[in-house]
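Annotated features in TrEMBL:
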- 1-11: compositional bias 'Basic and acidic residues' (COMPBIAS)
- 1-44: region 'Disordered' (REGION)
- 25-41: compositional bias 'Basic and acidic residues' (COMPBIAS)
- Trp169, Glu179, Asp199, Lys201, 262-273: substrate binding site (BINDING)
- His271: active site, nucleophile (ACT_SITE)
Amino acid sequence: MADNAVKREADSIETDELSQKVKRAKADHENGRGEAGKEPESESILSGFKTSNILRDSAREKNIFVHGKLADQDAVVILEKTPIREDNLPEIFSGSRLKLEMKNDIYSTYRLQVPPHLNEIKTTVVCPATEKHVKKYQRQDSFLVEETGKDYQSITLPYIQKQSFSVQWVYNILEKKAEADRIVYEDPDPKVGFVLLPDFKWDQKQVDDLYLIAIVHQRDIKSLRDLTSEHTPLLQNIFQKGKEAILQRYNLPASQLRVYLHYQPSYYHLHVHFTKLGYEAPGCSVERAHLLSDVIQNLQSDPDYYKNRTLYFPLRADDGLLSKFKEAGRL
């Protein structure tokens with residue numbers, strides 16, 4: 001499944017003192033809560049990291065996924081260059097050093113060395129990392145799966161139930177046991193309510209890559225396949241109030257938002273993605289993302305639309321669900 005679930009799943013694993021430090025450091029980085037003079041703790045966490053291999057890297061996305069050992073435990077470290085912020089441009093232009101590489105007529109290229117505090121690398125640490133985490137971050141081929149309503153009942157649903165994917169971290173958020181300070185908006189209604197909070201992939205320093213998640217309070221809806229016309233009030237509530245909350249907090253109008261669900265989802269508790277329209281967020285491609293507005297209209301026209309509809313989605317080569325479809329002769 002998607003990377004987001006792996007990052008979240010790490011928070012639900014029972015951890016020792018080292019893992020608690022890792023999570024505190026990650027939370028401080030994500031939320032900007034790190035205190036001045038507290039950097040040595042974060043530095044000490046990675047100073048003993050020993051690289052085993054590179055799982056994946058991308059020059060386009062400017063990130064790298066590294067597998068290694070941290071205090072004799074398997075760990076995955078994700079390094080990602082942060083976006084350039086408009087409000088930092090004056091300091092970048094005035095406080096940086098330039099080294100000329102090439103000049104030809106009106107064109108010239110340089111190596112620009114910015115002040116250290118403007119050259120941050122967003123760092124996510126998963127420790128201890130299981131074999132599942134390592135595989136999830138490895139570069140692999142993907143295959144497009146065709147799933148009928150019958151396939152879901154006979155192949156996908158039994159697989160989900162057998163795997164018992166943990167969503168305890170979701171319940172911790174809903175019960176305010178974790179990440180309570182990150183919640184942007186909440187509707188506490190048990191039927192149509194939800195919490196809205198930033199996704200870990202967004203550093204919250206600019207709205208150009210805005211990414212928030214709405215997690216429903218109902219606990220019996222696993223995915224798009226469970227939705228019927230009875231859930232349209234819930235979906236409409238998320239659609240309307242989520243957009244209003246984002247406008248109020250980030251001054252971003254609904255016309256600049258992409259609001260959608262994933263299928264297959266990265267974790268089996270219904271959630272909705274809110275991203276800025278111009279941001280190519282992971283999983284926003286047509287083979288996985290379903291616009292919430294379309295989902296609502298489909299359920300209004302056919303109460304059981306997603307119980308019967310044939311759906312297509314990509315699965316990585318090592319995904320256990322892909323093996324089940326192959327065993328059933330569906331791929």
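Every residue, even glycine, has its Cβ placed from backbone N, Cα and C.
Because TrEMBL annotations are produced automatically, they should be read as predictions rather than curated entries.
Positions of the features from TrEMBL, shown on the structure.
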residue	record	Cβ within 10 Å
Trp169	substrate binding site	20
Asp199	substrate binding site	20
His262	substrate binding site	22
Gln264	substrate binding site	23
Ser266	substrate binding site	20
Tyr268	substrate binding site	21
Leu270	substrate binding site	26
His271	active site, nucleophile	23
Val272	substrate binding site	22
Cα-Cα distance linking the residue listed as 'active site, nucleophile' and Trp169 (substrate binding site), given in Å to the nearest integer: 13
Nearest-integer angstrom distance between the alpha carbons (Cα) of the residue listed as 'active site, nucleophile' and Asp199 (substrate binding site): 11
